[in-house]
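A.B. asks: Dumping the structure here so I can ask a few things about it.
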């Protein structure tokens, strides 16, 4: 699991920070997948500065319908079509996403030449398939807003092939079934339980990507035990009251959540345009006073989940 931050600004862009968008590059059991979280204005332009291409996207998750998280979506969808891409794309987001996309395409005389599916989510399970479970959590913001918790399925333990051969199981297609912990029947009638030949499973990674939010109980539930938490840090601690009144979080409120939830790493992002590089570093220092393992997201920063 690898994150690439395409935009880390809140509200409006700055000279060094674009609007919110994050690529999640996944290595699936049978194929690679690429997901996008939010699509602020200029996202497709940010792609040009990365090794990735919008045509390779499989899924796009929108946290809420505020423009700084959404206004880059129609252009990206149309460009993807103009480039002759036929890979199906699924959009996930709150109620109103389908109407927004269909209206933008209709009024601009645009269309997509690839299968486009739009799924409006509610609180709870979004899907559990192909190695990953995604759950949407409602957050505290002036409009309907969600965070997404991505849980990687545990990886099966190593198959003890040497022991299987020693027990008279011939190498071949049966090993694939045994690797999944299944039972197989040999030609001689013996039943072999694959789980007995597997080493310990490797726990999957958990990633929590938040939309905009003021502190709320659901945030703790969403973040609990995550290996990585990506969370907005819109304003410095001295402006916490102002941040909360607008459905946002301050630096130390975000850090306190990371600490209470027991996350491994906090990546702070979504900084107000009032802050230059020095101002963002000040907020990073405020976060680290409470939660030491905090990173400051920057446009085009890449973070690999080990």
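Each Cβ is built from the backbone N, Cα and C atoms, and glycine gets one as well.
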A.B. asks: Swiss-Prot records 68, 69, 270 as Zn(2+) 2-binding residues. Which of 113, 128, 212 is assigned to the same site?
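C.D. replies: Answer, per Swiss-Prot (Zn(2+) 2 site with 68, 69, 270), from 113, 128, 212: 212.
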A.B. asks: For residue 69 (Zn(2+) 2 binding site), write down the residues of its own chain that are at least 6 apart in sequence and whose Cβ falls under 8 Å from its Cβ; none is a fine answer.
C.D. replies: 19, 20, 38, 39, 40, 62, 63, 211, 212
A.B. asks: Using the CB centroid of 68, 69, 212, 270 as the Zn(2+) 2 site centre, which other residues of the same chain sit with their CB within 8 A?
C.D. replies: 10, 11, 19, 20, 38, 40, 63, 64, 66, 211, 232
A.B. asks: Whole-number Å only: compute the distance from the Cα of residue 141 (Zn(2+) 1 binding site) to the Cα of residue 68 (active site, proton acceptor).
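C.D. replies: Roughly 14 Å, rounded to the nearest whole number.
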A.B. asks: Fewest other CB within 10 angstroms, which one of the binding-site residues 64, 66, 270?
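C.D. replies: Among the binding-site residues 64, 66, 270, the lowest count of other Cβ atoms within 10 Å belongs to 66.
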